[in-house]
């Protein structure tokens, strides 16, 4: 009898817990976004998770589930992180790359993304760290002291609490994805998730694109790409190599900064994120003026401002913020795609992610690295040098992969890692080549090489 009472009491506790979780979920449900198409079928949620009570740090998320026709209960969960550092996953990942909606030029209405990755997985976008997008801290100094370590630690706390709010995703296949400076965020968070071994988080691996991996090899590849594509002179190439290559991208020397400035002048008014794409002149000029203020000059361009005008209009709308349960504290500044303060004051940035790659490769996790081949900010050359430094055993030859009879890019499979390039894509691969990015993601989830 006592045992039955104990079991009944335990059942009541579980029932209460499930009811609380469901209530928290429903508070975050998005019923309608201003300007959305009439035929939206999938469920989506957004809101805040507090990651540090004493400092008042809370991170904003947006979950877009797979449509009912795709059986979302059977689909994995994928966390997407954008880099910068200091740039929003809502602005870039969700609104112009892999999310279900794109924003029209009027900044008020939305249209469907035919190659949205939520057709293949449930997508969780996180604005991180605090101070980015709608994520906030009640401790002002947090915005000036953000760095790699705290970003990873806060993201892990977010995940643990988010899985409590959405318990139906516990034990579901879980992956982490991202691009650019998320080449730090993704492996660092992956390392914590792997080492913590939380039974609720069924972590399987990660995928990163045009990723910052290793300062030395990234520098070598960056300067080589500029020179080989005729963007800089022989003299500037020489000066960059002797002044920058053995330094930190986060804390460059004055000589390195001077060489970077010379390279910038020689490159002229191009779009560095996609060197064959026409620029938007006003924003490019404003971006160039930021160069002298940042401490990591080769990453000074964080993300292309030419593509973020529409998102700035949309996500600053009070009606949109209300629908998304965003800006609930009344931030003293407008929502922006990238936070200048967070990016410029970045505190800690390890020189290399290669030791983490080695640890997670040895652990047997699925790891894919992809690169758009027209990006001159974090180009394919640096990525290839970094991967070569891992000294992995090749399992396939370097081969062209097929996209409807055309070369979609090139790939090579190694023991523990797959490298893929996307032909004709810039820094934000899904923005420039959405179909090819979709095929890439599908192959990653299926754990199959891209087709020859």
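A Cβ is built for glycine as well, from the same backbone N, Cα and C atoms used for every other residue.
Per Swiss-Prot, these features apply:
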- 180: active site (ACT_SITE)
- 375: active site (ACT_SITE)
- 427: active site (ACT_SITE)
- 87-338: disulfide bond (DISULFID)
- 244-256: disulfide bond (DISULFID)
- 280-306: disulfide bond (DISULFID)
- 52: N-linked glycosylation site (CARBOHYD)
- 138: N-linked glycosylation site (CARBOHYD)
- 327: N-linked glycosylation site (CARBOHYD)
- 1-20: signal peptide (SIGNAL)
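What Swiss-Prot annotates, mapped onto the structure for a quick look.
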residue: 52; record: N-linked glycosylation site; Cβ neighbours (10 Å): 18
residue: 87; record: disulfide bond; Cβ neighbours (10 Å): 29
residue: 138; record: N-linked glycosylation site; Cβ neighbours (10 Å): 13
residue: 180; record: active site; Cβ neighbours (10 Å): 29
residue: 244; record: disulfide bond; Cβ neighbours (10 Å): 26
residue: 256; record: disulfide bond; Cβ neighbours (10 Å): 23
residue: 280; record: disulfide bond; Cβ neighbours (10 Å): 15
residue: 327; record: N-linked glycosylation site; Cβ neighbours (10 Å): 19
residue: 375; record: active site; Cβ neighbours (10 Å): 27
residue: 427; record: active site; Cβ neighbours (10 Å): 28
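For the pair residue 52 (N-linked glycosylation site) and residue 180 (active site), the C-alpha distance works out to 26 angstrom. Between the CA atoms of residue 338 (disulfide bond) and residue 280 (disulfide bond) there is a gap of 18 Å. The local packing around residue 338 (disulfide bond), expressed as other Cβ atoms within 10 Å of its Cβ over all shown chains, amounts to 22. Cα distances from residue 180 (active site) to the recorded positions 327, 375, 427 are smallest for 427.
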